[in-house]
Amino acid sequence: MKTEKVMEREEIETMPMEPLSPMSHMLSSPNFFIVITFGFKVRCNPSAFVEGINNSLINAPRFSSKMEIDYKRKGDPVWIPVKVRVEDHVIEPDLEYSNIENPDQFIEDYTSNIANIPMDMSKPLWEFHLLNIKTTKAESLAIVKIHHSIGDGMSLMSLLLACSRKTSDPDALISNTTATKKPVDSMAWWLFVGFWFMIRVTFTTIVEFSKLMLTICFLRDTKNPLMGNPSDGFQSWKVVHRIISFEDVKLVKDTMNMKVNDVLLGMTQAGLSRYLSSKYDGSTAEKKKILEKLRVRGAVAINLRPATKIEDLADMMAKGSKCRWGNFIGTIIFPLWVKPENDPLEYIRRAKATMDRKKISLEAFIFYGIIKFTLKFFGGKVKY
C-alpha cells in the first residue's frame, strides 16, 4: 500500500502542472461552484450521457484535470491532468419515484442539498446528477455541479453550444450569429468618432474607478435585510426554481431596444425592491422613504475575452487544440435601484443606463488587474 502511494506521488510530480489563472485562484475554495439544471422532453439515458461526455467534454483540459496544491509555488493550486472514469461523475440516485408526491418541491430540495455540499477536490471538479422524474415542465432532469475554477459562465455556455448539434443534421454545429459592422462614411468621421469615444472612455473610467476605490475603502451598503451577519458563520442555501418566458424577455428587449441582460437586471432590481418593501413595517409612504435612502450594490461579472467561436471549442474537444478557456472575467460594482416605482419598466431603463455607463469604462479590466497584482505579490492567502 505504501509503495502504491509513493508511485502515485511520483506520477503526480512528473505530470505537467499548469497554474490557475488569477480569477480561478480566487475561486479555488471547495464552496465556489455552479449548479445548473437542465430539463428534457424525454427520459435520461445514463449510458448515452457517459458516451457523449467521453466524446466531448472529457477532451476539454479542465474536465480531465484535478486541482492540487503545489508547495513549490508558495502553496498555490495548479491543474494536473489525470485519467478520468466518466461513470464516477455521472450519478443516478436510487430513488423511489412513485413515492414522491410533489416532484417540483423534491427537485428544489435535491438541488439545495447539492448546493450545500462542498466540492470533492480529490477528483476532477464536475458531476452530473440524472433524475428520471417528471415535473410540471420536464420529463427528466440533469443537475450539473461544476466548480467555478473550471470556467466562467461564458466559457461553460460556449462549451455547451459546442457540444450541441442541429436536429436536422446531427453532425453539424448549431449556427452562431455574429454582429455585422456598419460601414464608415469617411476617414474624418471615423477619426472624430474615435477621438470622442476615447474622451468618454477616459472620463467614465476615472469616475467609475473613483467610485470603486471609495467602495473598497470607505463606502458600505446601508444595513438592510439582504445583508448577512458574519458572526452567523456559513449559512445553508435554499434553491427555489422559478421559470420565466424567454419570449417575454425578448419582447421587452426588442420593444425597448435593449439587451437581454438589461431586462434581466431590471427584473432583479424590481424583485429586490418588492422584497425589501415587504421586510419593513409601516405605511406605503414610510416604506418608500426607507427604500429611497438605501444604498444597495451588487457585483456583476463581466466577460473580458473576445468572442470565442463555437468551432474553436468543438476543435478543442475533438483534437485537443488550444483556445482561451477558464475564468477571464472582471467585476463591476453595480448600484441597485430599489426605490419604489409605479412604472415597472423604469427598473429596466435604470439598469440599461447604468450598464451602458459601466461598459464604456475600464472598471472591469482594472478590477481584474488589481486581483492579478494582489495574488502575484502577496500570494493566495490574501483572498482569505
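Glycine residues also receive a Cβ, built from the backbone N, Cα and C atoms like all the rest.
What TrEMBL records for this protein:
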DOMAIN    48-178  domain 'O-acyltransferase WSD1-like N-terminal'
TRANSMEM  187-207  transmembrane segment
DOMAIN    325-382  domain 'O-acyltransferase WSD1 C-terminal'
In the same chain, which residue numbers or ranges, 6 or more beyond the ends of the transmembrane segment (187-207), come under 8 angstroms Cβ to Cβ?
357, 360-363, 366
With helix taken as DSSP H, G or I, strand as E or B and everything else coil, how many residues of the domain 'O-acyltransferase WSD1-like N-terminal' (48-178) land in each class?
48 helix, 30 strand, 53 coil
So what's the mean pLDDT when you look at the domain 'O-acyltransferase WSD1-like N-terminal' (48-178)?
84
Count up the helix, strand and coil residues in the domain 'O-acyltransferase WSD1 C-terminal' (325-382) according to DSSP, in that order.
35 helix, 7 strand, 16 coil
